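Now, the feature entries from Swiss-Prot:
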BINDING   G150, G151, A152, G153, V154, G155, K156, T157  ATP binding site
Amino acid sequence: MANGKVIQVIGSVVDVEFSADSMPALFNALEIPRDNGKMVLEVQSHVGNNRVKCLSFTPTDGLERGAEVIDTKRPLSVPVGRNTLGRIFNVLGEPLDNRGDVKAEKTMPIHRSAPAMDELESSAQVLETGLKVIDLIAPFARGGKIGALGGAGVGKTVLIQELIRNIATEHEGFSVFAGVGERSREGNDLWHEMEDSGVLPKTTMVFGQMNELPAVRLRIALTGLTMAEYFRDEERQDVLLFIDNIYRYTLAGMEVSALLGRMPSAVGYQPTLATEMGALQERIASTKQGSITSFQAVYVPADDYTDPGVVATFGHLDAMIALERSLAEQALYPAVDPLASNSRILDPQVVGEEHYQVARDVQKVLQRYKDLQDVIAILGMEELSEEDKLTVARARRIQRFLTQPMFVSEVFTGRPGQYVSLAETIRGFKEILEGKHDSLPEQAFYMVGTIDDAVAEAKKLSAA
């Protein structure tokens, strides 16, 4: 028989039997015709006796043994090209926005090889984000991979939404957003925000959210990546790829691994963790044709940075933004820890001597303040030397100046968002380090844009 039939159904795992001469290849998409459309499966393993074990992308409710299964003879393929811009898709490439079918130029399989070594090209060009703490401490490389790491509720999604607003608005190319195992409400909010800001016509969005089956959450990142690869390779564009959240991709892999009966490894993760992460991350690359700059939110379970699921991501990142709960508790937003965040291109040969020196001096002052906090807690400020008192005062001003009102949180805070250029960021911190603003109150530096805004705020406070 050319087609197969369902032998066993356990949750979202379906066993299908084929004849010996028509066995489907691994990762082939299989279809089961249903009254209300079709059910799509993906072949995961050959288990012997002409049987294959598959994972379903759609709920298996009502599926019975003996149902006919059709081999599409190719991996799951999704629409790509300019007609996907401004639209929202699911893992199968079907539109979710009730705006009719997509007339795509072509479709591409979601399983592809990474670019060959001789096609790769790395850039050392800084991509300005308009966020002071990131541009100063962990500058982004155009065509690089950037990770925003943090536990639950410290602001990863808000930060990634702000980056979409700042960079996609300023950026000329196309953007792809992949929602991987996150909240549907946030995806809905993001869609409306992007529509209001005028960014949506240059953006393709794909969603496989928390309520979806594990196979969907595992493959949705590949669907988004395939669409981004088309813009890079065929359109020769510089593409922005946003993934929220890459940890949910790992978690979906863990669920799939358990469903397929594989032996778990450390902390219950799948034994193929590094391979799966590498297969995804190596495809997010910049070639001679174009670049993919990726921003990935990384959930850190229980704030444990040694968790294998988090560690698997580290080695692939060019810049790492660590979001710290203690800063969020003090309402210092964005809650980026300037001492734990880093970037491959924070190098005087790339960013220039002045930027490098100011960034390192800021970190030095903040580190000294951190070292002195135990002394201050036990003995009080009076016991510090004059030099240390000055360091603490400047560190507290720097801490507050690292905060910034965001465009995407205007509705919550009532403060208009601020985009600060890199030159203004460097000037502001340099003046604080030089002591030009030692006379201004600390509060004047909180939630302002440029250093001139801080001076204006200080005048307002003194007049009050």
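Each residue, glycine too, has its Cβ placed from N, Cα and C.
Since this is a predicted model, take the numbers as computed values, not measurements.
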Chain-internal residues near G155 (ATP binding site), provided their CB is under 8 angstroms and they sit 6+ positions away: L323, A328, Y333, P334, A335
Binding-site residues: A152, V154 - member with fewest neighbouring CB atoms within 10 Å: A152
Listed binding-site residues (G151, G153, T157), ranked by Cβ neighbours within 10 Å, top entry: T157
Other CB atoms within 10 A, centred on G150 (ATP binding site): 26
Where V154 (ATP binding site) sits in the secondary structure, as DSSP reduces it to three classes: coil
